[in-house]
Amino acid sequence: MNASAASLNDSQVVVVAAEGAAAAATAAGGPDTGEWGPPAAAALGAGGGANGSLELSSQLSAGPPGLLLPAVNPWDVLLCVSGTVIAGENALVVALIASTPALRTPMFVLVGSLATADLLAGCGLILHFVFQYLVPSETVSLLTVGFLVASFAASVSSLLAITVDRYLSLYNALTYYSRRTLLGVHLLLAATWTVSLGLGLLPVLGWNCLAERAACSVVRPLARSHVALLSAAFFMVFGIMLHLYVRICQVVWRHAHQIALQQHCLAPPHLAATRKGVGTLAVVLGTFGASWLPFAIYCVVGSHEDPAVYTYATLLPATYNSMINPIIYAFRNQEIQRALWLLLCGCFQSKVPFRSRSPSEV
């Protein structure tokens, strides 16, 4: 009888302990919160409590008996799918430029740099998903997030370099082509990639919020001060691109006006071409701004205590810019279209005329 009572008491203690653990997990923001947030860190208790910043380690959920499986966040799945599409598109562009001697010109070197940066960004999104759920650790988180920062910084820098190249090709049309060399373009890209790599190494070298959770940004483990620097750099790049595209539009309209004076009227073909060119520039800049501006603004005004869904909802569209870049800067180009046909069809003779286009053409 005493043994039965003791067994009953032990069972009650186990039940009470289990209920207390479940309540504690719920209070700490566990699976019962019902929100799409980031996976909670394994050592959350030592970090000072849960918050809404984008975490980089996975939360464990119950699987088969004796096995714990990571609970997959649907937002992370979307980012991984986006990264897969980005990597596939840009890998094709890099392969086309690398395998076609006619595409090894300064203009296509810039496009190749953009495609390489976007390819690395896509691979980084895939690796982030894999490591987050298979090898969750703070060291791996720092490496993957630094890799993504460097890749996206190189992508934005390459876009700026392409914009500068287009502006100079129009503003100094008579002398720019003779002065522009592959060596100069390579030196420019080497400088931009060095700066981008430095921005990506900062979290790994210690500029992170692992030691002080209150200093975290909306993307953990990036420190709020580091994210503020990245956002300020983006706003500066966006402002320069906006100014240059406005200047490009002014040059285009001035050339159209000169043609009109020579011909005493602006012929409909010239007017249509001018409007089309200005419209294309608006699409290019609008796509870039619509993709990155929401995330850059939220990085400045957001807090690590805000729901993580806000971070995901602004970060996902930012990745779409790397998905659209190959379409805008590569696949619309006739030389790349011809190289693609030759790659897919072997000795197929494309009917697309091989005409060298200037960097001012989108």
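Going from the start of the chain as shown, residues are counted 1 onward.
Glycine residues also receive a Cβ, built from the backbone N, Cα and C atoms like all the rest.
Taking Swiss-Prot as the reference, the stretch among 6-25, 186-205 described by the feature transmembrane segment is residues 186-205.
The membrane topology recorded in Swiss-Prot places SER141 on the side opposite to ARG338. Using a 10 Å radius centred on the Cβ of CYS345 (S-palmitoyl cysteine) and all shown protein chains, the other Cβ atoms total 10. Sorting each residue of the topological domain 'Cytoplasmic' (95-106) by its DSSP state yields 9 helix, 0 strand, 3 coil. Summarised as a single figure, the pLDDT of the topological domain 'Extracellular' (131-142) averages 87. Applying DSSP to the topological domain 'Cytoplasmic' (165-185) sorts its residues as follows: 15 helix, 0 strand, 6 coil.
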